[in-house]
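Let me begin by presenting the structure, written as structure tokens, before commenting on it.
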Amino acid sequence: METFLFTSESVNEGHPDKLCDQISDAVLDACLEQDPESKVACETCTKTNLVMVFGEITTKAIVDYEKIVRDTCRNIGFVSDDVGLDADNCKVLVYIEQQSPDIAQGVHGHLTKRPEEIGAGDQGHMFGYATDETPELMPLSHVLATKLGARLTEVRKNGTCRWLKPDGKTQVTVEYCNDNGAMIPIRVHTVLISTQHDETVTNDEIARDLKEHAIKPVIPEKYLDEKTIFHLNPSGRFVIGGPHGDAGLTGRKIIIDTYGGWGAHGGGAFSGKDPTKVDRSGAYIVRQAAKSIVASGLARRCIVQVSYAIGVPEPLSVFVDTYGTGKIPDREILKIVKENFDFRPGMMSINLDLKRGGNGRFLKTAAYGHFGRDDADFTWEVVKPLKWENPQD
């Protein structure tokens, strides 16, 4: 049996880029909660003792941007300089302007257009992916890397591993075999964890705790064997972390946000963007389409692409590829997709309820992945029943 290795990575909520994603989405939540018609394009950057939010926002909402920044940093665990940022004493800069009227008239006619007439907020192409190798219909390498990162945060916040600090990265290499286009995980080849820690803990303690409290609860025993390689804080020291260790910026973890390198990516980031930005809403609807195809039994593995022009409601193209795993030809699956999914931005907002903010809805998406999550707020993860006829044997 011929096999191959594939690797996916993830980062914790305390990684500086992910901190920025979460702040941008916390701002989006605050705007949409008060004004569902808010137009938000919020970026965040951070470095030692500094967080800046900037971008274009048109909203009737009354938003305290500085409070959102400080609350988000504090909730992650950035409460003192020694962990990389002090939420209560860092400098916060806000540079927010209104959305360009040129963009506004092209996209929604200054709110005069009906939902089905609303144009895409920009050009671009987005991809959705699904695979039957996990219950989440997501790639195993990505699922494990993501869950390891989430587990590190859990055991840090519940006090199981008091030496843990907010910043950290994970990476998992899985050995696969290709079964006529479907991906079959065989074993976990390598587990890599690099996590921020306090001064007092030893490397041996770190390795022991990571195996016991992070790896064992996350990675099923059937995937681990005596040949599995573990790199646990291989640099030997990771005390300086968060924005003190590295600058952070919204939108720099787009592969972590999606499929861990599987499928494809159009390049557009998600966080801080309202649903007229098809970088986000388009990627959400094609994930639902790909997931529904696999869940319905039409294929074992699937990628869906959609593309847009700014100001134009109808997509320019829709593409489906099942990697040879389809029960019927891809051209027939494409017809089913077009019949069952409305790719117009205004209708995606309605059908996926994307104008609803508040309660940390979009903030939740900004750490540990936008897809494969079991959460009612992730409406794009709901499988849509697809009707199709089995070909005669």
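Along the chain as shown, residues are numbered 1 onward.
In case you wondered, yes, glycine gets a Cβ from its N, Cα and C as well.
According to Swiss-Prot, the protein has these features:
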type: BINDING; residues: Glu9; note: Mg(2+) binding site
type: BINDING; residues: His15, Asp167, Gly168, Lys169, Ser235, Gly236, Arg237, Phe238, Asp246, Arg252, Lys253, Ala269, Lys273, Lys277; note: ATP binding site
type: BINDING; residues: Glu43; note: K(+) binding site
type: BINDING; residues: Glu56, Gln99, Asp246, Lys277; note: L-methionine binding site
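Locations of recorded Swiss-Prot features on the structure.
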residue	record	Cβ contacts under 8 Å, 6 or more apart
His15	ATP binding site	Asp167, Gly168, Lys169, Gly242, Gly248, Lys253
Glu43	K(+) binding site	Cys20, Ser24, Val53, Phe54, Gly55, Leu249, Thr250, Gly251, Gly272
Glu56	L-methionine binding site	Lys39, Ala41, Ile96, Glu97, Gln98, Gln99, Ser100
Arg237	ATP binding site	none
Asp246	ATP binding site	Pro16
Lys273	ATP binding site	Leu28, Val40, Ala41, Cys42, Asp279, Arg280
Lys277	L-methionine binding site	Ala41, Gly121, Asp122, Gly268
**Message:** If you count other CB atoms within 10 A of each CB, which of Gln99, Ser235 wins among these binding-site residues?
**Reply:** Gln99
**Request:** Could you say whether, by DSSP, Lys253 (ATP binding site) belongs to a helix, a strand or a coil region?
**Result:** coil
**Message:** Give me the long-range Cβ neighbours of Glu9 (Mg(2+) binding site): same chain, 6+ apart, Cβ under 8 Å, in sequence order.
**Reply:** Ala145, Lys169, Thr170, Gln171, Val172, Ile255, Ile256, Gly260
**Asked** Among Glu56, Gln99, Asp246, Lys277, listed as contacts of L-methionine, what is the widest Cα spread in Å, to the nearest whole number?
**Response** 30
**Asked** Given the ATP binding site residues His15, Asp167, Gly168, Lys169, Ser235, Gly236, Arg237, Phe238, Asp246, Arg252, Lys253, Ala269, Lys273, Lys277 in the record, what is the largest Cα to Cα distance, rounded to whole Å?
**Response** 42
**Prompt:** Other than its own, how many Cβ atoms are within 10 Å of the Cβ belonging to Lys253 (ATP binding site)?
**Reply:** 24
